[in-house]
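Taken from Swiss-Prot, the feature compositional bias 'Polar residues' applies to 143-170, 178-196. What Swiss-Prot records for 198-208 is compositional bias 'Basic and acidic residues'. Feature annotation from Swiss-Prot assigns compositional bias 'Low complexity' to 234-243. The SUMO2 cross-link annotation in Swiss-Prot covers LYS178, LYS182, LYS191, LYS199, LYS437. Residues annotated as domain 'BTB' in Swiss-Prot, with sequence analysis given as evidence: 24-92. Annotation comment: Swiss-Prot describes SER161, SER167 as phosphoserine, evidence class a large-scale study or a structure entry. Marked as region 'Disordered' by Swiss-Prot: 143-251. What Swiss-Prot records for 282-304, 310-333 is zinc finger, and it gives sequence analysis as the kind of evidence.
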Amino acid sequence: MEISSHQSHLLQQLNEQRRQDVFCDCSILVEGKVFKAHRNVLFASSGYFKMLLSQNSKETSQPTTATFQAFSPDTFTVILDFVYSGKLSLTGQNVIEVMSAASFLQMTDVISVCKTFIKSSLDISEKEKDRYFSLSDKDANSNGVERSSFYSGGWQEGSSSPRSHLSPEQGTGIISGKSWNKYNYHPASQKNTQQPLAKHEPRKESIKKTKHLRLSQPSEVTHYKSSKREVRTSDSSSHVSQSEEQAQIDAEMDSTPVGYQYGQGSDVTSKSFPDDLPRMRFKCPYCTHVVKRKADLKRHLRCHTGERPYPCQACGKRFSRLDHLSSHFRTIHQACKLICRKCKRHVTDLTGQVVQEGTRRYRLCNECLAEFGIDSLPIDLEAEQHLMSPSDGDKDSRWHLSEDENRSYVEIVEDGSADLVIQQVDDSEEEEEKEIKPNIR
């Protein structure tokens, strides 16, 4: 038969012994403050103490002292009280420190409780936020006239009381009525003076809507000017003169920060304008490189896959990018600095020949050809003709490519680990226009 109260009674007795320093055989020093405890209790409750006390298990006759600098005494007090009572005193101010100390002491139960506490606190704050906005929406619907007078009360003129009290929804404190005249603000208590001008309410609503739409989008000064012209032309039947209307709109636009827009009632929502910033949408699956265009991602993937789809028609060397091929051709071949591959001496079409060895082609001078033996090396006469200056009929085509070479290089590379299929295509037309493909000479 199990007695459930025995465990709590035993913990209570151990806690009393700790408070009275009875049979305490372990001292914990935390930033100069000493805590007394029992080694058996610490051994059973903390993985760190279990490892620490196991190393000194042979010296049980002497008291053990442990020193910590990773957390504060107040934090360790909360943890030690939990060890002896099973009650964890968490608040919004100490939950992070307690969770950090519990992680250091390898107390998984305390870490789980701290995580649950943080999550529940976030849920409560979200619920309170939703409740606040729902109440503000209801108040805005029930007090629409007062809300409209809060933002557009400057359309009418009238004397205000020397001092007026703000309602709790608008703020607290006492504000002078005349001090708000330059901001076109009239408190809600002046509703009686605004009733004779109720015929301007549709006009004010339209201006508020226009202002909301204009401020909710990233705009410059030109947008504000265009919105002013739209407001002036949209309602020509207004009894307010053009000069008063222009002055009112200017005051409203100038007094409103660009990064904010009005919501219902007195709610103000911050706008960060994320559409103005470039969106990086393509991420490399092999590294952290991020690009804006798919063509740039395909070009970047060649450094991982080792693809070299652009061969040099003069020497057969392959490149991963078209601009690298163009730079190679300009600096090596088009510069007319033909050298022998073996002796590195300058050669011409008369003093050297093009030799093809497998897929590679290079030049050798006549002396080096005589050393190797001209019969033992294959001479590519057709390649030598390609290295000559192109004929007049071929000047329009910058590259002397066959029909098979003119096809776009399309290769499929499959990566089983990432389940990624990469299709390499030609660079965009924009890049092709920028690239200069010189004649082979």
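The backbone N, Cα and C atoms fix where each Cβ goes, and this holds for glycine too.
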PLDDT averaged over the residues of the zinc finger (282-304): 85
Helix, strand and coil totals (DSSP H, G, I; E, B; other) for the zinc finger (282-304): 11 helix, 4 strand, 8 coil
Helix, strand and coil residues within the domain 'BTB' (24-92) as assigned by DSSP: 29 helix, 15 strand, 25 coil
The zinc finger (310-333) - residue tally per DSSP class, helix then strand then coil: 12 helix, 4 strand, 8 coil
